[in-house]
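Per TrEMBL, the feature transmembrane segment maps to 27-50, 62-89, 101-121, 142-165, 200-222, 243-263, 275-297. The domain 'G-protein coupled receptors family 1 profile' annotation in TrEMBL covers 43-295.
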């Protein structure tokens, strides 16, 4: 049991430090972060408009992409306004319950994004390995069920992280969170009580959602590549590969950053804290920035529609 005189009982307000060790340059770090956020907002919003307006893009692959764009907008909006408030306006305080809400939203949207990437991989798997049944399998009803399913899975799996902090942890060593946003482990480390249950459940969520998703995505693409290599015509092989390149780029950028950030935060004890924080920030900001760019460059239908919109506006 912690000593009552040296701990704080259920603090009402926490203080986010930003990036420990880089306080003197946080103002300048905020500039590229803000630019990344604006580009991510514009890119994903344009993607959503193009997919909504153009009926030829009302297909599973593009509808999943619209879900991904909406999730990217949500996850970057969860962290950037408060982060820039810390960097630029010296507003580090946040209510404890608001901090828990931000934590829940961030991790929920991360899990939703992983679920959407898994659904996109399954879509490509059926489209290439069993094309005749693709339209009958990926119906509008199934797409709705997938959207609801990945959202509920994420929300319900992450909710106990919030509940365990709120209900189990009463005494805290400090109210200063060494992070630029409310991250699960950053809050748990403040507690002056046994946090093994919190840590174990956090690992369980990470591996049961992100871990299983990446395993199934990898298996699906192995099966896709085997099928593609068996195609008799070179043109058919190139076309099949081209439809997968953008997906693979997005998968790699999301999961490599996710697991690198995850493991350095938990096991990289010799890595400076500012590296942890910068990696965590990039993990949440880089995918929303790159996803619309990758799909816009690699997907001809989207590229053509964006060009049409821009050309019409320019002509007007």
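A Cβ is built for glycine as well, from the same backbone N, Cα and C atoms used for every other residue.
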Taking residues 6+ outside the transmembrane segment (142-165), which of them lie with a CB under 8 Å of any CB in it?
60, 63-64, 67, 100-101, 103-104, 107-112, 115-116, 118-119, 184, 187-188, 191, 197-198, 201-202, 205, 208-209
What residues in the same chain, six or more past the boundaries of the transmembrane segment (62-89), come closer than 8 Å to it by Cβ-Cβ distance?
16-18, 26-27, 29-30, 33-34, 37, 40-41, 44-45, 47-48, 51-52, 102, 105-106, 109-110, 112-113, 116-117, 119-120, 123, 143, 147, 180-181, 250, 281, 284-285, 287-288, 291-292, 295, 301-302
In terms of Cβ proximity under 8 Å, which residues at least six beyond the ends of the transmembrane segment (243-263) contact it?
68, 110, 113-114, 117, 120-121, 124, 127-128, 206, 210, 214, 217, 221, 224, 276, 279-280, 282-283, 286-287, 290-291, 294-295, 297-299
Six or more residues out from either end of the transmembrane segment (101-121), which same-chain residues have a Cβ under 8 Å from its Cβ atoms?
61, 64-65, 67-68, 71-72, 74-75, 78-79, 82, 94, 146, 149-151, 153-155, 157-159, 161-162, 181-184, 187, 205, 209-210, 213-214, 216-217, 220-221, 247, 250-251, 254, 258, 284, 287
Against which stretches of its own chain does the transmembrane segment (27-50) lie, if we need a Cβ under 8 Å and a gap of at least six residues from its ends?
19, 57, 65-66, 69-70, 72-73, 76-77, 80, 83-84, 87-88, 281, 285-286, 288-289, 291-293, 295-296, 302, 305-306, 309
